[in-house]
Amino acid sequence: MPNPPSFKSHKQNLFNSNNNQHANSVDSFDLHLDDSFDAALDSLQINNNPEPLSKHNTVGDRESFEMRTVDDLDNFSNHSSDSHRKSSNTDTHPLMYDNRLSQDDNFKFTNIASSPPSSSNNIFSKALSYLKVSNTKNWSKFGSPIELSDQHIEREIHPDTTPVYDRNRYVSNELSNAKYNAVTFVPTLLYEQFKFFYNLYFLVVALSQAVPALRIGYLSSYIVPLAFVLTVTMAKEAIDDIQRRRRDRESNNELYHVITRNRSIPSKDLKVGDLIKVHKGDRIPADLVLLQSSEPSGESFIKTDQLDGETDWKLRVACPLTQNLSENDLINRISITASAPEKSIHKFLGKVTYKDSTSNPLSVDNTLWANTVLASSGFCIACVVYTGRDTRQAMNTTTAKVKTGLLELEINSISKILCACVFALSILLVAFAGFHNDDWYIDILRYLILFSTIIPVSLRVNLDLAKSVYAHQIEHDKTIPETIVRTSTIPEDLGRIEYLLSDKTGTLTQNDMQLKKIHLGTVSYTSETLDIVSDYVQSLVSSKNDSLNNSKVALSTTRKDMSFRVRDMILTLAICHNVTPTFEDDELTYQAASPDEIAIVKFTESVGLSLFKRDRHSISLLHEHSGKTLNYEILQVFPFNSDSKRMGIIVRDEQLDEYWFMQKGADTVMSKIVESNDWLEEETGNMAREGLRTLVIGRKKLNKKIYEQFQKEYNDASLSMLNRDQQMSQVITKYLEHDLELLGLTGVEDKLQKDVKSSIELLRNAGIKIWMLTGDKVETARCVSISAKLISRGQYVHTITKVTRPEGAFNQLEYLKINRNACLLIDGESLGMFLKHYEQEFFDVVVHLPTVIACRCTPQQKADVALVIRKMTGKRVCCIGDGGNDVSMIQCADVGVGIVGKEGKQASLAADFSITQFCHLTELLLWHGRNSYKRSAKLAQFVMHRGLIIAICQAVYSICSLFEPIALYQGWLMVGYATCYTMAPVFSLTLDHDIEESLTKIYPELYKELTEGKSLSYKTFFVWVLLSLFQGSVIQLFSQAFTSLLDTDFTRMVAISFTALVVNELIMVALEIYTWNKTMLVTEIATLLFYIVSVPFLGDYFDLGYMTTVNYYAGLLVILLISIFPVWTAKAIYRRLHPPSYAKVQEFATP
């Protein structure tokens, strides 16, 4: 790498205190630091200069940097580890960069956090080694040019200057999902096709015809089949790409009003820093920071179903600092600092600054991500912060892994055997000829070309088209409505599933939550005793206006105490949530990220305390008994996330001027936050055994002084651009999350989905081992497993929980090695221990168990389990789920199934197949999986039989011609045989089925046979090889016997043998059909008629006069009888002696 420019020799040019001189002496250049450079500079500190660079000396709209101790730059590389250690205790300010410089003085640095110093003696040189070169013209006078990139560093945005001066600094916002362009389409597609052995083999065969010594017959005989395959594939790809381009064009040309430019421009032309106005129903064109909303509260709702698959509306709020600013102030007087682009849609760090003095933090609540939709009425004004491939939507769009079905792998193995047969047969025929000339290797090559039909070029096209047929049949099956096939390459794998990994909530259960029980330590209330709770809630308003002792409600001392406790519990439940009431067409609906929260709000409504109004600053509750409202000011909200497993809120009671911190969450985390008690763990277990999802409710009263101290430290932490979440969490823990008053416990019921019990029983009888992987508690998972019939009545459940030591994990396996009929129940902590230390030993045992239930699983553990089962067993694994936490597991499966549920469409969008209910899985596997696998297996073998039989005819003819490699069928005959004369009847096998649909559910054991792969195996393949050898030999030998090999009779022999070949294939298809339908009958008759009609046009190949004689028809009949009758007889006898299971079932079911 070239040496970096010398800063010392040019420091006067770079950092001159006179800004005008600085602007004249330094050409425009950009210094961008990539992620690696940031990491290297994290440990840099300047020993003698606590403030190395500061941003000041503003001249008009231009700002520049002053280097106070410029010589320190030259000393960077000379600092020893000792000097670094001395400076480690010195407070240093982070280097700041500025994006407002003009093009003439655009020198920028990124933030460099203070961290422990590096021990390197030349750390600055190492840091500079990560720099890249971008502007050779402007850096040429400093030595080697340097390129730096702004794409992956923190960015500072000024609406008045960034879109103008930095227009080329950030990526374009033009959307492009097209795979090809006019130049790359043909070469790219040809490469993709010819990397497959099939197509490359036939290309070589076709090209060989350009060599005179290898030329056999007509060039079209070899070019046309390959061209047909490529044309079908290229047409399909072209249509798909044109549709992608059309969708891209529509999105790119959507107009948006840009305030900073005072005109409407297409989405593709938006730049970072543009202020745009978005109206209700508009798609968000880029990642935006919400600055203003037409709602006085600054609130806006967005739909994120196209981003994360969740169907509920998300609340977004405008920055308070900018909500009431004029458009002129928004353009000229604010700046936005945004963190580097990243994938997480739930995380954003930034701040907005007004007049270079007042700042407000920015979080994900202030963002509008690209590809979401503004749902609330009115409009909003937002600033573009990320464009194009830097947006969250683009960064989370990954190219789906191309899945290859097991059947394709098996066919590929068989094709290799066929290829070996071609080589062996070619060498054998030349050997029989005695290698009589010096050009024997040319004869081998000519035989390879003649026998190329053994590897059928049309096999891939037939299978691909068949998959499309299966997908159409699945999507149009009225018994499983709204099913979507997203991956059409693996429908056959639906018939080979041996392991089913399922989520619980929303998959086996309805995800329709109802709060069934609340427990207050000494007493619990259920849905049957809600009237008692309602009575207590009635006293809520009077007890707030007057003291409870003066209340008109006469209560005993015990009931007074209980009234207080119930009141506090219900009031906390009504306040501590993120639910927002919305009105669409005068209908009240609740919007929330979790159905649990909606269930809780509906429960408080049922007992007389309903959510009346909520915005970002306040929440109002309606006391239905008195008609009065209870108003609370929302001071801070701490949303739920999968890491914290809790949510909290700070409110001020406007009537009593009291400050309260309220929190609810999982028992595993809340037990450490609430005051010590002797009942929480026991009651949590009791509720879980009832199948209820539990939440622990607590609260804490704050005095105003403590709250103000918390707010100050929390605000300071929220402005940090380094480890913001960690700093904020530390402040919350310090002031809030300890010694909470334990109010009670809620139990929410999630009912089983329709027909889950019968579906699981069917799948287990079909030989599928079912695992349930859930993030819920052990007791809840156990209860749901029993009710869903995952665990049979009386079946022993071996429980492994809280295993934290490797030796303890190993000892737990001993029992399971002995009792293979037991069910395993394991928690995530123990599972993690096995995955880390005893993966091989653990899965060697548990893959044989009928049922495994894993609780408290993380999304990554779910994915790991799927991957390990696939690796260890080699069996097909199906994963099914409905939530975002199931996506990893679904994508790691051989077959991923997503359920469109109340958690949204994220799992559905990531899956290979999307269904609406778990019970639809039985239809998908037992019926469509069976048909897809058996049909494709038969289709593949028929296509190979079609190629083998014509190759056998060619081999017999070559042997009878004294081992001369002369083509038997040439030109159109070769092309027509594989297309017009046999393709439609053979392909009609994709409509066949060997058993009625209803019987697949009555006898699910039939599915177990499919997993053994008997429909396409080496055994069945060799049966078809022998069949082809017999029929091909009969057709060719008898055709030659009825005519001769003389040139005058050659066309007669070809006429009778080719006709026999075509009719034989049509009859074989008819014999293999189990259930006839109109389409099959039409294809058989139409194909035969087409051949008959085309015969008069084949005078170049046939002796047409001979085809009108009685001898011709007599000979044809004899050939067909000898070719077909023995095969039909053998098949009938075998079926009588060894009837297949489906035949027994079909016969038994037929009245």
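Glycine is no exception: its Cβ is also placed from the backbone N, Cα and C atoms.
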Shared topological domain relative to the membrane, Thr337 and Glu408, Swiss-Prot: no
Candidate set Ser64, Ser102, Ser556, Ser563, annotation phosphoserine, source Swiss-Prot, matching residue: Ser102
Feature phosphoserine, as given in Swiss-Prot - residue among Ser293, Ser551, Ser610, Ser1044: Ser551
Cβ-Cβ under 8 Å with the transmembrane segment (948-968): same-chain residues at least 6 beyond its ends: 216-217, 221, 418, 422, 425, 429-430, 432-433, 443, 446-447, 450-451, 453-454, 977, 1024-1025, 1028-1029, 1031-1033, 1035-1037, 1040, 1045, 1054, 1057, 1061, 1064-1065
Long-range environment of the region 'Required for endosomal targeting' (1131-1151) - Cβ separation under 8 angstroms, sequence gap at least 6: 994-996, 999, 1002-1003, 1005-1006, 1009, 1071
Neighbourhood of Glu597 (ATP binding site) by C-beta distance under 8 A, where only residues 6 or more apart in the same chain count: His577, Asn578, Val579
Distal contacts, the transmembrane segment (971-991) - CB-CB under 8 A, six or more residues away: 217-218, 220-222, 224-225, 228, 453, 456-458, 462, 465-466, 469-470, 935-936, 938-939, 942-943, 946-947, 950, 1054, 1058, 1061-1062, 1065-1066, 1069-1070, 1072-1073, 1077, 1079-1080, 1083-1084, 1086-1087, 1090-1091, 1094, 1098, 1100-1101
Cα distance (Å, whole number) from Asp503 (active site, 4-aspartylphosphate intermediate) to Asp776 (ATP binding site): 10
Beyond the flanks of the transmembrane segment (1110-1130) by at least 6 residues, Cβ under 8 Å: 1027, 1030-1031, 1034-1035, 1038-1039, 1042, 1052, 1055-1056, 1059-1060, 1063-1064, 1067-1068, 1071
For Thr694 (ATP binding site), the number of other Cβ atoms found within 10 Å of its own Cβ: 25
Cβ-Cβ under 8 Å with the transmembrane segment (417-437): same-chain residues at least 6 beyond its ends: 197, 201, 443-444, 447-448, 451-452, 454-455, 944, 948, 951, 955, 958-959, 962-963, 965, 1021
Recorded stretches the transmembrane segment (439-459) and the transmembrane segment (1079-1099) touching, at least 3 CB pairs under 8 Å: no
